[in-house]
Amino acid sequence: MAKLEILEFPDPRLRTVAKPVEKVDDELRKLIDDMFETMYAAPGIGLAATQVDVHIQLIVMDLSEDHNKPMVFINPQITPLTEEQAPYEEGCLSVPGFYEKVTRPARVRINALDRDGNAFEVEADELLATCIQHEMDHLDGKLFVDYVSRLKRDRIKKKLEKIHRQQG
C-alpha cells in the first residue's frame, strides 16, 4: 500500500467532476487500499478519489474509532429520505484545520457497488448521512466551504494559501 497526496483547497483539481467507475478490478482495489491508508494516516473518516487526484466515483469511509468498519462506495447514488435537515460541523482533509456548520438532509439512501463490484443499499442518518453527502459533494467538484458565506470562504482560502507559501 502507498500513502497518496491529498489535494488541498483552493487546488482547482478539487473542482473536477468524477466519472463513473467502469471496471472493478485489482487495480481499483489497490487504489481503495491506498486511499484507506491515506485516510487513516491523515487522520480522517472519509476520502473521495477526487481528493487524491483520481477523478472517478469512489469513496472510502470508516467512522469507527479503531478503524475496523471500512466502507467502500463505488458509483454511489443518493436519495434523500426526508425533508428534515440536520446541521453538522464539518471538516475536510482537503481544507485542513477549518470546521464549519453545514446543513444537509437528515436521512438518505445510498445505492452503490462495494469493493468487489456487488451492488448494495444502505440507509443513513446522523454522522453517516453527513459524511456520505460530504464525500459525494467531492465527486461533483464541491467542497463544504461552498456552503458558507463568500466572506468566510475567501478568508479560509487566504489562510490556506498563506500556509502553502510558508511551507514552500
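Yeah, the Cβs are placed from backbone N, Cα and C, and that goes for glycine too.
The following features are taken from Swiss-Prot:
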ACT_SITE  E135  active site
BINDING   C92, H134, H138  Fe cation binding site
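DSSP classifies C92 (Fe cation binding site) as strand under the three-state reduction. Annotation for H134 (Fe cation binding site): same-chain Cβ neighbours under 8 Å, separated by at least 6 residues, are G46, E90, C92, V102, R104, F144. Cβ neighbour count for C92 (Fe cation binding site) (all protein chains, 10 Å cutoff from its Cβ): 26.
Using the Cβ center of C92, H134, H138 for Fe cation, the list of other same-chain residues with Cβ within 8 Å runs, in sequence order, G46, A48, Q51, E90, L93, S94, E135, D137, L143, F144. Within 10 Å of the C-beta of E135 (active site) we count 23 further C-beta atoms, all protein chains included. Of all Cβ atoms in the protein chains displayed, 26 besides its own lie within 10 Å of the Cβ of H138 (Fe cation binding site). In the three-state DSSP scheme, H138 (Fe cation binding site) falls into the helix class.
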